């Protein structure tokens, strides 16, 4: 067999002869990422000579045939292109590249990765696909020992600032044991480090999501003895986090990452401002030392208006020492925050001082030395798991949890929506890392990473955790260069 150059051309495959009567062909349009590969080749690049896409560009002497007709191909045509087949078989490493390509096209469509790889001039191999779906295969081979110090210092800084906060989020907003807040910094950053596409992103619980979890916990338990059932509260928290994670994960599998540009920024700002007001009102009750009276009257399950009315009527019952500690701590944090803001232009290093961690440490020492607990001040106490074990695996989607699943479904969807948009804003602001080459920010990969992290965290009854701009920016500015800082943060927590 030969390549068909000496064989006489049949009438159906005769090439058009150039001449003055031949119509001029308009220049081909520019291709974009949305241009189909085969469509653009068959429509634009049929000209004298080879096309612009290499092997798969049809020659003018070749009829445009369908891949479906491969199995009905004649032996005559197969013998005419035998030389070219041998070359392609040697390149692709297959015995019959046409049969393999036919099965591939019949089983799946040409993806963006295939097309972009073909345009770049190399073959899309298995490692390319795996590194897209599992980004840790991309950054781990590039990791250098010189990054280790910066990643560790960054994770230590983030932990000193945000770990004390997550204890408060779990206890006061989500109404779950404090250790369930710590789980969100143990499980979720580790999973995100393997699946996330933003190297410097740090995931963790937010005040808005924790407050929404608390509303589900309170509404599911109602009033009664269940308010003291820490195990049930933790299970409800895991159910809500699991449904939020499953929603995000399914959206990522369905490639709905484009939705990050649908919701407007003013809407998000208004929603977060409303959440901030609700948190402020909700926290005034324990800061005034009125938690016991609020539980007796069932105000904790009421609206913000009910809580404000309760505080006005019971203002005379305020526990003075509790209010003094809360007011002084809040004032110190606000003063330190303003000082850092004013000194930062001249002394940039002050931005990394953990002011909240300082207030927590001083409060612990004073509470221990002055015996505040015996004087009526509520303290956190021992941080331990409600089940009695450090890590207890509980699958959140059980039939016995159907009641709580129904009650928390709408709130879980809202948590997922809010968490994704906050993470998207943070990821776009951070961008990629110069230290890690080849990692491209992908909204669909972010959805999958956040969803998988929250589903896994829900199995240990953690709070929902999403990306946050403040802690991610702190991570990057204190030396974090790679997702290894998330791994270190998980170990510290």
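Indices start at 1 and increase along the chain as displayed.
Backbone N, Cα and C atoms are what each Cβ position is placed from, and that goes for glycine too.
When TrEMBL is compared with the stretches 409-427, 428-446, the one noted as transmembrane segment is 409-427.
Among the ranges 321-337, 338-354, 355-371, the one that TrEMBL lists as transmembrane segment is 321-337. Same-chain residues lying 6 or more positions outside the transmembrane segment (182-202) and placing a CB less than 8 Å from one of its CB atoms are 134-136, 139, 158-159, 162-163, 166-167, 170, 383, 423, 426-427, 430-433, 435-436, 439-442, 445-446, 448-450, 452-454, 456-457, 460-465, 467-468, 471-472, 474-476, 480-487, 489-490, 493. For the transmembrane segment (447-466), the partner stretch with the highest count of Cβ pairs under 8 angstroms, out of 152-170, 232-254, 266-285, is 232-254. Residues 174-177, 180, 209, 212-213, 216-217, 220-221, 226, 386-387, 394, 396-397, 401, 404-405, 408-409, 411-413, 415-416, 419-420, 444-464 of the same chain lie 6+ residues outside the transmembrane segment (232-254) yet bring a C-beta within less than 8 angstroms of a C-beta in it.
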